[in-house]
Structures are given as C-alpha cells and as structure tokens.
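J.: For B:86, the entry in TrEMBL reads active site, nucleophile. What TrEMBL records for B:194, B:196 is active site.
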C-alpha cells in the first residue's frame, strides 16, 4: 500500500522560500500570482494492507518525525 | 566536572566545543549518536553545530530521534544541564526540550559573520559571567536560524527572563531578535551563535569564553 504525505507550513507562519519563488515568478513575467507556499511531499511504501491501520500508522509517523507540528501541518493520502 | 559532547554524522563543531569545554576546566567525553546512554556522572551535555544527517527532512530532525538524544531528554528531565549551539539548538527545539522552532533565514542566505549580541539575562549558569545588557561579539554561521514562536510563547519567554541573548542587528528574521533561549529550569541553553568560535585570542575574539567559564565554574564543586 502506498501513502503520500504533504507537509506544509501552517497558515500564518511566514514562508521565506515561498515568497522568493513568488518574487522569481514575477521577475519572469508571470502576472497574477498571489501568495506562494512551498512544502514537501513524502511517498511511503507500506506493508500494511488495511487502509485505516495504514492511515493511523502514517499519522503517528507524521507526529513523531515527518512534520514539526510547531510550524507545520500535514495531510495524508492512502492508496 | 564532566561534559559530554555528542557527535552525529555531519556534526562539524564537536571538536571546537570539546576544546572550549576543556579550556574552561571540564573533563570531556565525545559520545557517538548510536550510544543509548551518556557516560556516568555527566554534568553537562554539549550538542554541537554542524549539519547532522545532512540537514535532511528538517535541520536537527533526525538527530533529535537518535538513540543518544533519548538519553539527553532523560538527562534534562532529571535536571541535567545541556548546551545546544546552532545545529544543537535546532536539535533541542526538535526534541521539544526547548520551545519554538528554527526556520530558514528570512533573507534566505546562509549568514556567516561575527554579530553583536545583547546579553539579556545574567541569571543562568551560562550567562552569569556577563552583565545583563552587555554587548558581546560572537560569530554566527547558519541557514536556518530564524527563531519562530507565537506571541504567547515570546511573551512567556520574555516574562520568565528566559531570553538569554538577542541580536543587536537581526541577521535572520528571528522573532523578537531572539538569538538564544533558556529552558524553564534555566539549565538548558540553545543559541544560534557560536561561543566556541570566540573562545581564545586566535579566534579573533574571546567574548564566548565567559559562557564556558561560568558554566563550568557553576558545576564544579568548590
């Protein structure tokens, strides 16, 4: 079973990298770009076959390592 | 007085930190990250600067889950002392021993230069060798030194006199110009600047030496 974790900075946490990307897009002539936020995608291959058990396990991984919940939030996709 | 200096793959200030501890009178043991216990009788744990685990995932994130770090968490819960410098500060926030987090510098650049700090409190074993309000010069060298915490946390740190150092001229965008903070029991200090790189005249400055002298002095039985 595959799982995909999206890790993003929480709303309200300033994202200097996202701002730099927004600035660079503007410099390239792309107009109409508002806020840009940059995050991470982590793909996991799991031996687990039960969707809910997999989700619970990945949630624990996020809380313990994959995300720093002081500044980041995460979303989990299973399958 | 015994100090342990942790060594992770990618640590690069571990030996400098050991030299500074020894110069101040400590007996130092280097401890590899795969050890699951600190040497017996360790008074203070030094978590050095560098790029532990290549800064993969987040700076300090993987080091914070190393076997030795579990022993450090227990050590601090028992009231033991710890000093985390630069990457070591990042490790301390990742473990939750110190609150807040360290993000990419607001200017996105790696900042490597001597900076002026204001000593905010003399009330800790780390800072009792300085006067509150004293201005000192210590080098920084980091890409992710932008300390973040919400308004409540900053108010609490400030109200409890736990901001140890502030930048005189903020190089990384950190909230309230914070350069270093203390734990609630004032026995854990995390800071981005490198006092071990300003500890002897050949470094070009010695303003960091008082930190090690006062710490070792406080922990050495009279």
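Heads up, residue numbers simply count up from 1 along the chain you see.
Glycine is no exception: its Cβ is also placed from the backbone N, Cα and C atoms.
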J.: Write out the long-range same-chain contacts of residue B:196 (active site), meaning residues 6 or more apart in sequence whose Cβ is under 8 Å from its Cβ.
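T.: In sequence order, the residues whose Cβ lies under 8 Å from that of residue B:196 (active site) (at least 6 apart) are B:13, B:16, B:17, B:19, B:20, B:85, B:208, B:212.
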J.: Taking the Cβ of residue B:86 (active site, nucleophile) as the centre, how many other Cβ atoms fall within a 10 Å radius?
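T.: Looking across every protein chain shown, the total is 30.
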J.: Compute the C-alpha separation of residue B:194 (active site) from residue B:86 (active site, nucleophile), stating it in Å without decimals.
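T.: Each residue's Cα considered, residue B:194 (active site) and residue B:86 (active site, nucleophile) end up 7 Å apart.
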J.: Translate the DSSP assignment of residue B:196 (active site) into the three-state scheme.
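T.: DSSP call for residue B:196 (active site): helix.
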J.: Give the three-state DSSP assignment (helix, strand or coil) for residue B:86 (active site, nucleophile).
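T.: Reduced to three states, the DSSP call for residue B:86 (active site, nucleophile) is coil.
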J.: Looking only at Cβ atoms, how many others are within 10 Å of the one on residue B:194 (active site)?
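T.: Cβ-Cβ neighbours of residue B:194 (active site) within 10 Å number 24.
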